[in-house]
Structure formats: C-alpha cells, structure tokens
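Sharing a structure, written as structure tokens. Questions coming.
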2 protein chains.
Amino acid sequence: MLFLDAGSSSFSGSLSLEEKRLFQYIDEHQDEFVQNLAEWVAVESDSIQPQLRGEVTRMMKIAAARLQDLGAKTTLVDIGVQQLPDGQNISLPPVILAKLGEDPLKPTVCFYGHVDVMPAKIEDGWKTRPYILTEIDGNFYGRGTTDNKGPVLAWINALSTYINLNIDLPVNIKFLIEGMEESGSNGLEELIQKEKDCFFSNVDYIVISDNLWLTTKKPALTYGTRGNACFSVEVSGGEKDLHSGGVGGIINEPMSDLIALLDSLVNSSGCILIPGIYDDVIPLTEEEMKQYEQIEFDLQEYKANIGVKKILYDTKEEIFSHLWRLPSLSIHGIEGAFYEPGIKTVIPSRVTGKFSIRQVPHMDLSKVEHQVKEYLENVFSKRKSPNKLMVSMQMGAMPWVANIDDPQYEAAKKAIKRVFNQDPDMIRDGSTIPIARMFQDITEKSVLMFPLGAADDGEHSQKEKISRSNYINGTKVFASFLLEISKLHKELQKASNLKTVT
Amino acid sequence: MLFLDAGSSSFSGSLSLEEKRLFQYIDEHQDEFVQNLAEWVAVESDSIQPQLRGEVTRMMKIAAARLQDLGAKTTLVDIGVQQLPDGQNISLPPVILAKLGEDPLKPTVCFYGHVDVMPAKIEDGWKTRPYILTEIDGNFYGRGTTDNKGPVLAWINALSTYINLNIDLPVNIKFLIEGMEESGSNGLEELIQKEKDCFFSNVDYIVISDNLWLTTKKPALTYGTRGNACFSVEVSGGEKDLHSGGVGGIINEPMSDLIALLDSLVNSSGCILIPGIYDDVIPLTEEEMKQYEQIEFDLQEYKANIGVKKILYDTKEEIFSHLWRLPSLSIHGIEGAFYEPGIKTVIPSRVTGKFSIRQVPHMDLSKVEHQVKEYLENVFSKRKSPNKLMVSMQMGAMPWVANIDDPQYEAAKKAIKRVFNQDPDMIRDGSTIPIARMFQDITEKSVLMFPLGAADDGEHSQKEKISRSNYINGTKVFASFLLEISKLHKELQKASNLKTVT
C-alpha cells in the first residue's frame, strides 16, 4: 500500500541501471524515511520564541549526528549570541558545515537547508498536533514537514541511498544547515563571508530547497524571490496600562495612534501608500510576460489551495507580476494590546505594530527603511499626539534573481523530467529566502532553488504538510539530479578544455 | 509601626464611646485584616478566562464561609451556565446572598461587592507577583486589592469588629457578592429581578464600594457612572492563516480591513466618528459646572497617578465633563493576529478587534448598537473587500445617576468627616458599575457608591494596589457609617411618623 502511494511517478525514458536501483531502494525504504521525518518534526525547534532555543540547538545536534552517520565530516560552528529586545543575550544555535567526498574530478554541490521552524500551537487552530507527524490521505501534517525538515531529509535520504547501495557518489557534497532561518538567519552572512575562501572555495553549485511548487501537481524550479523588510512601529504613552472607564476620553490612547499609523500603510487594493516605494521597481518586460503565459496555472485550484474565495486579480500574468515583480505590504499583528478571547477594557500603555514589505529588484533596503520611517513619522506628527513613536526595521532581506542558463538548472530539469515525466514550471517565489541572494552575492557561485513541496503545503500555517508523494519522489529527483549535474559538469569541462586547447 | 501607618486619620469632633472602641479595635487588628486580604488575593479568581472558573467558584466559597463565621445566614445561589463563543457551556460561579440581623426597628443596608478579578500575569509587566500580596511603602500590591476584594473585606472587617466587641449592630445587614463582575455580571440581573420581592423587599439602602476616589488624599462619594458597550468586530478571509511571501499583494488581507475599520471609529482628539452617537447626550448644566468647580483637583497629581505626561484637556471642568458626561471610545486589542515578541510574517485568516464605548445618560444602548453596526458595515462596504464582516455587541451596561439627597449620602459624608476630618468630593465615575443602575432600576431602592480606594490604585493595571491607610481607615468609615445611617434613619422615621400623625 505504501508503494502505491508514492510510486505514482512515471519514469521518463529508459533509466540507467544505477537509477533503477536508486529508485527501487527509495521506494522500498519509504517507511524508514517517514520515521526519520516524524523524529525530526517531534523536535519543537522554533527559532522565534527565545525560550525554545534549547530545542533548536538539540535539533542541530540531531541533524549533525545524521550527517556523521553518512560519513560526512561534520562541524557544528558556534556563531555567537543574539541580543533580545530586552537586552538579554542568548546563544544562537550552531550552524552545521559538512562535507562528503573530496574528489577533485567531481563537481561539488553544496546543499543548504534549515531545521528550525515557525511557532506552532494546537490552540492556533491546528487539527493535528503540530509536533506529531500525522498522515491523513497521503499527506504528512506537522510543523516543519515542508518548511524545511522534509526537503533536508529528502537530500539526506538520496545520499544514504547511494551509500547503502554502494554506488559511488557522482559529486562531492557539502552541507550548510542552519537553525535561525525563520528568525532572519542571524549570524549566517558573517559565516558565509568568513568561509568564502575556505568551505566555499571549491563549491561549484549551491542548491536550496526551501520553497514550494506553483501548483499541486507540476514540479517547478525557482529563479527569483522577493526580499523582506520587517518593521515594528511602537507607540508608547503612560507608564502603565489604564482602565478605559477611568481615563477614556481624556488621553491620547497609544492604540488609536498605532491603528491610524497602520491604516496609513496600504489601501484596500493592496497598493502601498508610502511615497516613493515603487520608484525603483522596473516595469515588466515582454519576455517576462511571455514566460508567464507559458506557466500552467489553474486559478480555481490556486484559490482552493490557499483557501481564499476571491483574489484581487483575474489573470495569471497579473497574479505573477503582483507576487513576484511588485512589492507588497502585510500587517501581521500588535504586541502589547489585549489579544485573548473575551473582554478586557484596557487602554494598553505601549503597543507595537508588526508589518513587513516584500521588496523586488531593484529596490534598495536602506532606502525602503528611510521611506517607511519618514512617512510614519510624518503621519504621526499630524496627529499631534503626546505619545512616543519608535519605528524600526527589525529584519531586512534582499530580493534575488538567478541566471536560468546555469547548468544546474538544466540538470534539475532533466531529473524532474525523469521522475515526473514533465518539464518544471520556471517560476519566481513571492516569499523570501534571504540566503539565496546572500550565497550568490558572497560566494559568486550559481544558486538553484529546487522546491519539493506542493503549492498547498501551507508553510507557516496551521495545516503545514508535505505529501508522501512529494517527499519520496523528491528524494528520487535529488538522487537523479546528482547524476545529471555530474554528467553536465563533465561535458562542460570537456568543452572548456577543448576550447582552451583550440 | 503598623499603627503609625494607618492611624494617620484625625478623628473629627468627639467620638462616642462606641466609636472609640470600634476604631481602636480596628487599629489593633490591622495585621489580621491584612492577612485576610493576602489570603483572598492569593486566589486567582479571574472571571475572564474560562479555564480559571474553578478558582472563581473556590473564591465564592471562601467568602461565603467568612460570612457564615460572622453569623450571617448565607446562601450560595446557582445562577446557571455561561455559553462560551465556541458553543461550550460552563458553570457560572454562584452568587452569595447573606443576611445578618432581622430587627424590624433597624434599617437594612445591603452591601454589594465582587470577588472576581481581571486577568493578571507577571509577564504583563507586574513588578510584584500579582497573586501574592506585597507591601511596599504602605501600599499592598496585588490583583484584586482595590478591585474589589479589599473593599469587600473592609465591610466584613467593620462587621466583625462590632461582633467581636459585642456591640449591637445598629442596622440589619445583607450581602450580595458575585463572581462575574469583570465579565459583565452574567446572571445577576435575573437574580435581582427574582429576589426583588424577597431578599430585597425589606432593604432600605444599597451600598456599592467598587470604584476609586478622584484624588489620592481626599475621600469621595460617587453619584453617577458611565455605561459601557463592548463590541467585537471580526473580519474573516480564507480558511487558514497564510504566509505574507506566498500571497502578499494578491489578496484582501483581513488585517488591513480590520485596521481600517478600527481607524474609522475615533479621531486623534478622542472624538467618536460614528454618526449620531452624541445626539442624545444632554448639554452640561450650569449647576453641574458649579459642582465641578468645587471639587479639589490637582492636575499634576492626577497625571502622575495615571502615569501620563499630557492629557487632552487643561481645566478640571473639561476633564470631568469628558470623563463623566461625554461618551468615549477605546480600542483594546485584536484577537487572532500575531501578538508575541519577534517576527511572524503571517497573514491571519480571521481577526477580531475589540473596542468599547462608555455611554452617558441619556444614550440608548440598543440605539448605540445599531449606530455602530450600521456605520462599520458602511465603512466596510466601501472597501469592496470579499472578506466577511461580523460586528457584535458583546456586553452592554447602562450609565447610572443617583439622587444625592438620599439619607445614606448624608450618613456617608458624616462617617467620612469623622474618620478623615474632611468632606468628600461629590463625583461621578467614568467607568461602569452596571449593577448600580441595575439595582436602582429593579429594586427602586437608594444606591450609594462609597469608594475606599485612592485615585492611584491602578485597578485593572499591572500596579493594582490599595494603601494600608485606605484599607484600615476605610474599615473605620464603614463602621461609622452604620451608626450614622441608623441615626439618620431613625430621625427620618420620626419625622415621617410626626407628619403622618399631623
């Protein structure tokens, strides 16, 4: 029964003996791979809430031990401390650097993943317990299943398959696995910078599998992401919370000020109202429009996946351009106000609104920060409130675009075709993988975003899942990719050598 | 040392022997009274959070046992169940009805109090543990110290003083003590209605001590309160929370809709923007203005007490009229959005704003409800959002005004003068004691609001306290009030009998 579920992939063309053996092994060891996922999901490695930091560190150690079992030379790198808003310092979880194979004749692929997760509580509306892997109708529900523990394990599964079958790995493998991605990858940039000429010196390709397909059925490769600038806007009044009966009507309530500030950010059509914010966004090219036309996209299915009845745009071209090529602003919540069920007639003394702007090329992060601060300070000053305003950018991550002619994009297309018998959609992603841009800028290597999860995986939601099919076939795609990139790399080297000789 | 703290009251005129004995006993038994307060504060009888309902019921039993010890005939009346927003039914805590003395020649005073409290967590910013009574510089900090466990105990202390000194109680006493005041006094109206011709039939005066003085040093009597209409405004979009990267820019986010709705309610000067809301507010009379002029009020001290540097008005007349005679609107918070420290780039699927309007005579509750709903629906329809809006009034309590010529106001003034050697401020209260209006309307008896706590007691805040002086001298004032009301009542009866004879 297990085999039927995930075995639905139809292999394209005639498989080599190696591929046959690899794919058969993967099918036959599904239960073991699922058990590994259950064990990883069971660790509440939430990097947002400081009190769970110990669990993140424990998760890093579990992942490191797994890589060591594969024979990888594994290091847990201390990346220092994090200063919390209250001034307290807490340790950052270590980053894993690992390598498997050092054959100078083989290309070296570095896989990036993260094993920290977003917060999840059963009270948030989960139908299953978020840290207990639960299979329902071929889907594994649980926090981290798709973002990003499942994909990290799929890569590990692919390698363990080679090793257990005694098939020579066609590439050298490196791993960089972190535990602070959901909090903004603290300390990572410095580490990559530091390792640029050491760990990364002989890396040829960097693969990230930390996003989703565009649809539920068709695989995709991603060549761009939006950036993200997270802001906090704090309004503080008196020294203590007050009672709305006691002072309601005679003071400027911080909450009213904050609500007005947040309401000034975006209109009902999703248009950002901060002056100048769209200035550096370059218009969509005709070539991009053509690319968008080629993508298979079912609007009804898309709406069903995200669980929304109506969206702001009707055509896929408009939708893609607003998700990939235009900035957006979302208001996430308020800290310090009453948030529980029921009634509390409080006038909170200090409230902090949280919102973020997804930026696109060629927006400049520090310019965005300046525009936001200037605008909010201006809106606030017009209210003539005696309360105190403090706007700060808590996290800033830049957008990213890759060169889709890089050989690893070609290799990934071939691997997908072999396992799924179809070409992937070439897409961008509206969300942010700060490390894609970071890796590209610092290491100057080719970066590929190679998603395993389907569009309805609900990353960050109360329904996060990965399907058995995507998890197991994803493992096969990764296994196949290693063969393909090795072949392409050799051909390229030959061509390059010939050219040199000629 | 204990005696010095609370003994600072200077008794006015020559005290009767009885009064001397009563006051001396109260001074000498301070420690015992404080210990009782500590025991009551230790019970987390939070009536807002359903999971703490058991603690509220436990508190009711503790209070009932205390009254029984005094010799009062005490009944715990079952008032049924509460339906929670999720449809679940939970028991309401019982209401205490108790009586002590049934002499037909004496007047009967019914004391109302509540022993439930607002939520309090150390994480909210308390400097002391909210459920451990902590004395600092002559103040007892803790949830419920002033609202309303301290005043309920002061009344009990006064009675136990009479009883322990074997002094005949000058009045018959009744008690109504409830455990759902902070949640809207569920079930109480029905109970008072039912007991109108039984428990309340021979009651002459109803005393409530559940508000604060206007200042920190001068006692006050309260003859009016504002009402309160608590609203929830829910905006719901898709089925699940979404990721701002994944869909930011292409959907109408429920949070943006809610923020716009909340921002439409009140302007930066505290003026409510709902059309027609001020229509039924009658203009301030010249007599009221004169009354306000007579009240001692130190603006600097007031601001220091509420912990606010600047308020909207400069004169005491403007301040009193905005607190007592004009409605106000406060936004308390949002349920369903991100509220924790840190970053969560979520687009919440269902968010509920909480706000309340303090109404004044002669605003009509159902008219206010209609105005609010119609206005918000109108604001929302202009946004052309596909999200769903649901506005509901979760609680409605009417404003109240008493006749300050009632004899018990006179008796209370005399008792205050004897203990504090000054006349009380005659004030209204900006907050809501729904039962004042309820008692008055249903029982048609005279209602007196007789505050014990000082202006800086911080009810509902993270600094809630009652001073030792107010707690202990308040006990004396209550003891003295019983003598005074008995005397006045007898005089009135004599006059009335004479009148009848003539």
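Each residue, glycine too, has its Cβ placed from N, Cα and C.
Please treat TrEMBL annotations as automatic predictions, because they have not gone through curation.
Keep in mind the model is a prediction, meaning the values are calculated, not measured.
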According to TrEMBL, A:D147, A:H460 bind Mn(2+) 1; so which of A:E178, A:E182, A:E491 is the extra one listed there?
A:E182
The Mn(2+) 2 site in TrEMBL lists A:H114, A:D147. Which one of A:D31, A:D46, A:D204, A:D210 belongs there according to the record?
A:D210
Quick one: of the recorded positions A:D116, A:D147, A:E181, A:D210, A:H243, A:H460, which have a CB under 8 A from chain B's CB atoms?
A:H243, A:H460
Filter the recorded positions A:D147, A:E181, A:E182, A:H243, A:H460 down to the ones within 10 angstroms of A:D116 (active site), Cα to Cα, kept in sequence order.
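Cα within 10 Å of A:D116 (active site): A:D147, A:E181, A:E182.
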Whose Cβ lies within 8 Å of the mean position of the Cβ atoms of A:H114, A:D147, A:D210, the Mn(2+) 2 site, other than those residues?
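Everything else in range on the chain: A:G113, A:N148, A:P151, A:V152, A:E181, A:E182, A:I433, A:E459.
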Considering every residue in the domain 'Peptidase M20 dimerisation' (A:223-381), what is the mean pLDDT value?
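The average pLDDT of the model in the domain 'Peptidase M20 dimerisation' (A:223-381) works out to 95.
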With the cut-off set at 10 Å between Cβ atoms, which of these recorded positions ends up with the most neighbours? Options: A:H114, A:H243, A:H460.
A:H114
When the Cα-Cα distance from A:H243 (site 'Important for catalytic activity') is computed for each of the recorded positions A:H114, A:D147, A:E181, A:E182, which gives the smallest value?
A:E182
For A:D147 (Mn(2+) 2 binding site), what residues in its own chain, 6 or more apart in sequence, show a Cβ-Cβ distance under 8 Å?
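Once residues fewer than 6 apart are set aside, A:D147 (Mn(2+) 2 binding site) is near A:V117, A:M118, A:D210, A:G453, A:D457, A:E459, A:H460, A:E464.
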Would you count the other C-beta atoms found within 10 angstroms of the C-beta of A:E182 (Mn(2+) 1 binding site) for me?
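The answer is 24.
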Counting across all protein chains shown, how many other Cβ atoms sit within 10 Å of the Cβ of A:D116 (active site)?
28
If you draw a 10 Å sphere on the Cβ of A:E181 (active site, proton acceptor), how many other Cβ atoms land inside?
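Its Cβ has 24 other Cβ atoms within 10 Å.
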